[in-house]
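Engineer: Before I ask anything, here is the structure I am working with.
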Amino acid sequence: MLKHAGLNRLCTLQGLQRTTAQSDSSFLFVFHPEGNECINANARFCGECIQAGANCGWCKDPDFLKQGETVSTRCDELPSLIKRGCQEAMIENPRGQQRVLKNKPVTNRKKGAEELRPEDITQIQPQKLSLTLRSGEPQSFKLKFKRAEDYPIDLYYLMDLSYSMKDDLENVKNLGTSLMLEMSKITSDFRIGFGSFVEKTVMPYISTTPAKLLNPCTGDQNCTSPFSYKNVLKLTNDGKKFNTLVGQQHISGNLDSPEGGFDAIMQVAVCGDQIGWRNVTRLLVFSTDAGFHFAGDGKLGGIVLPNDGKCHLENNVYTMSHYYDYPSIAHLVQKLSDNNIQTIFAVTEEFQPVYQELKNLIPKSAVGTLSANSSNVINLIIDAYNSLSSEVILENSKLPEGVTIAYTSRCKNGVISEGENGRKCSNISIGDEVYFTISVTSKGCPKPNKPETIKIKPLGFTEEVEITLHFICECECHKEGVQNSQLCHYGNGTYECGACKCNEGRVGRQCECSSNDVATEDMDRTCRKDNGTDICSNNGDCVCGTCECKKRDNPEERYSGKYCECDNFNCDRSGNKLCGGHGRCECRVCICDPNWTGSACDCSLDNSMCMASNKQICNGRGICECGTCKCTDPKFQGPTCETCPTCPGVCTEHKECVQCRAFDTGEMKEKCEQQCGYFKMIKVKDRDKLPQPNDASYPVVHCKGRDANDCWFYYTYAVNNDTEKVVHVVDMLDCPAGPDIIPIVAGVVAGIVLIGLALLLIWKLLMIIHDRREFAKFEKEKMNAKWDTGENPIYKSAVTTVVNPKYEEK
């Protein structure tokens with residue numbers, strides 16, 4: 001039964017965790033800027049403009065607007081306003097700022113040093129700031145946290161006294177002095193308290209007699225009657241008193257597995273005076289071997305009022321358990337955080353999964369496995385405290401509408417994190433310093449416009465940073481505004497920042513019209529050019545008898561003119577640039593910069609690019625048009641008409657450089673790299689591959705040269721249409737044989753032939769002599785040979801004689 005209850009609680013917690021994550025996502029504010037946010041804001045006055053974005057400025061020059069332009073075109077990005085002719089001194093562009101109001105250094109305290117009050121110990125710096133926020137402009141500051149040594153600790157032990165915890169109570173009775181001894185190794189200022197809980201006593205499923213309620217245990221067990229929560233011992237530094245009072249406690253009982261621990265946690269969190277919490281490290285140890293009831297379970301006992309999150313202790317007993325439902329998990333998280341309480345769940349192994357899920361929902365909490373009889377509770381508390389105190393997590397109070405905050409942490413060993421991880425640092429030892437960069441950004445202005453205060457603090461610590469937020473919602477020139485100014489059509493508006501801010505019901509640039517009369521036929525007539533049919537040339541709206549030109553998606557493009565007939569984007573282009581990039585477009589006509597002319601400002605009046613090396617314009621053989629030479633002599637080409645590929649002497653001019661680059665020979669060999677890199681060289685296999693004059697759209701000159709070895713090389717020289725000098729050269733030298741060398745070669749060949757014939761005859765003669773000598777030797781040996789006439793010992797006759805034994809020669 002207990003296992004099923006635990007699993008049910010686990011599933012419920014997982015569902016709550018998913019629900020919480022889903023609900024959190026609904027608070028995400030995603031802003032997708034499109035185009036120029038200043039133009040898109042369509043600001044009617046300076047205050048609206050500066051709220052549109054951090055890059056927006058307002059031109060307060062009264063003469064800034066051109067005919068047809070609306071008041072909102074005063075609002076634009078600063079470079080655009082300056083480009084359009086607004087002096088920088090006439091641009092309203094207020095910036096945010098920050099001031100540190102309290103900056104007490106963090107405490108450098110050693111254990112055993114002079115005793116300090118808890119409120120005199122500082123672990124976070126600075127403590128108080130003032131930020132002035134301009135919409136869209138973040139204000140960033142650095143926050144330092146240093147974990148102080150010998151920092152005071154308050155620990156409240158909250159124990160489940162249901163019957164199943166009977167053996168645990170025996171071990172806890174001596175917890176006070178033992179825990180005081182262990183904690184003295186961490187801090188010299190430690191206090192401990194004790195409370196107990198069981199369950200609400202009005203649940204209908206506890207159907208029992210009054211006698212049973214007085215002693216809910218079976219047999220001869222002496223149990224106290226059920227109760228919701230008791231504050232047994234206020235926080236004290238007397239460990240013996242803790243042992244005495246806990247030793248007087250008796251167990252109780254109830255019939256269902258989940259206990260009413262959440263009621264007890266809520267009262268411990270909110271009843272600060274009765275518990276005795278100080279502004280120091282606050283630890284709550286929650287010890288149980290069962291699950292828990294939470295919001296909604298009270299309906300089983302007819303309790304429907306939600307928990308009010310207030311203290312209801314009378315004589316140290318929770319008196320409203322029959323009146324208010326159990327608190328929800330989210331409610332507990334809020335109260336524990338508000339009161340800087342870090343929770344340690346000391347639970348048996350069976351309920352570890354349930355409380356691990358609960359831990360994930362409660363920041364700065366830990367879970368430890370309690371042995372069956374709580375004998376390991378001291379080690380559990382020490383380990384959990386070390387784990388909690390080694391991590392710092394920043395949280396902020398509720399932010400005003402439109403305000404966002406971002407964290408970047410710089411932890412030990414230079415580890416930098418951003419986003420949600422930028423809120424925390426882990427593995428912090430005593431004396432370590434970590435830093436956070438905190439950026440606060442506002443979008444727009446809150447209503448009403450008044451200072452707001454937010455607080456940032458490390459979870460589980462009482463110290464905090466208080467930040468006062470001021471918002472820039474109006475321009476400085478707003479203070480100089482003249483209400484009911486005569487400049488605004490006889491007092492129909494306030495003249496401020498170079499423009500009229502019309503009173504209610506008035507429209508027009510000078511508030512000259514009533515909003516009820518802006519669409520009459522008579523007014524429309526004055527918005528038609530040359531009595532045509534198009535109102536404002538179809539590029540604007542007729543407002544109060546005056547054309548107000550439409551805005552383009554591209555903020556750089558604008559309509560203007562009395563009838564919106566002009567624009568600054570329909571002029572001629574050159575090189576895909578409006579007015580060639582050398583002028584500006586006004587009313588569809590390019591106004592060229594100095595030294596430029598033409599319909600697209602693409603013709604330069606500067607003749608310096610046409611000056612030849614002889615200081616003549618285009619070498620005296622052309623005319624300079626738009627900064628470019630047009631050669632009038634067909635033989636000459638190039639940017640200054642100085643190149644003549646077909647003129648005599650061109651081959652001689654380039655011969656030495658071609659020879660040194662192609663064959664690494666010639667007089668220019670040593671200076672080739674320095675003086676012969678002015679042309680592009682292409683090697684070909686033979687003379688047929690050289691370009692021909694009729695094959696190219698530019699003149700090609702065929703040349704040949706001879707080197708010191710009387711070898712010829714062939715090449716072409718040309719200047720192509722890109723004025724690049726190009727040389728094609730045959731990569732093999734042509735070295736024909738000379739007439740004086742032929743007889744020599746013939747004589748050598750004839751001599752070689754004669755020597756060969758002589759050697760052949762000598763060899764033949766020697767072979768005849770050798771053969772004759774060998775034959776004579778053979779004849780002589782044959783005559784001197786003596787042959788043996790005896791019978792061959794291995795010879796056998798073919799005749800066999802057989803004697804008849806009976807014959808006897810008769």
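Don't overthink the numbers, they just go from 1 along the chain as shown.
Cβ atoms are placed via backbone N, Cα and C, with glycine included.
Note that this is a predicted model, so its numbers are computed, not measured.
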Engineer: In TrEMBL, C641 sits in a disulfide bond; tell me which of C631, C647, C651 is on the other end.
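Structural biologist: Checking TrEMBL, the candidate bonded to C641 through a disulfide is C631.
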Engineer: Using DSSP, how many residues of the domain 'PSI' (37-87) fall into helix, strand and coil, respectively?
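Structural biologist: Across the domain 'PSI' (37-87), the residues distribute as 21 helix, 7 strand, 23 coil.
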Engineer: Taking the Cβ of C644 (disulfide bond) as reference, which residues of that chain separated by at least 6 in sequence fall under 8 Å from it?
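Structural biologist: Listed in sequence order: K635, F636, Q637, V650.
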Engineer: To the nearest whole angstrom, state the Cα distance for the pair C311 (disulfide bond) and C566 (disulfide bond).
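Structural biologist: The separation of the Cα atoms works out to 74 Å.
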Engineer: Which residues of the same chain, at least 6 positions away in sequence, have a Cβ lying under 8 Å from the Cβ of C587 (disulfide bond)?
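Structural biologist: Result: S560, G561, E565, C566, D567, N568.
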Engineer: Within 10 Å of C547 (disulfide bond), Cα to Cα, which of the disulfide-bonded residues C641, C647, C672 are there?
Structural biologist: none
Engineer: Can you check which residues sit near C672 (disulfide bond), meaning Cβ under 8 Å from its Cβ, same chain, 6 or more apart in sequence, and list them in order?
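Structural biologist: Residues satisfying the criterion: C657, C660, R661, D664.
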Engineer: What subset of the disulfide-bonded residues C488, C511, C513, C651 lies within 10 angstroms of C618 (disulfide bond), using C-alpha positions?
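Structural biologist: Final answer: none.
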Engineer: Out of C271, C500, C641, C676, C711, the disulfide-bonded residues in the record, which is closest to C651 (disulfide bond) when you go by Cα distance?
Structural biologist: C676
Engineer: Just to be sure I understand, if DSSP states are collapsed into helix, strand and coil, how many residues of the domain 'Integrin beta subunit tail' (651-740) fall in each?
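Structural biologist: Split by secondary structure, the domain 'Integrin beta subunit tail' (651-740) comes out as 23 helix, 27 strand, 40 coil.
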Engineer: If you compare CA-to-CA distances from C511 (disulfide bond) to each of the disulfide-bonded residues C271, C542, C571, C641, which comes out shortest?
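Structural biologist: Result: the closest of the disulfide-bonded residues to C511 (disulfide bond) is C542.
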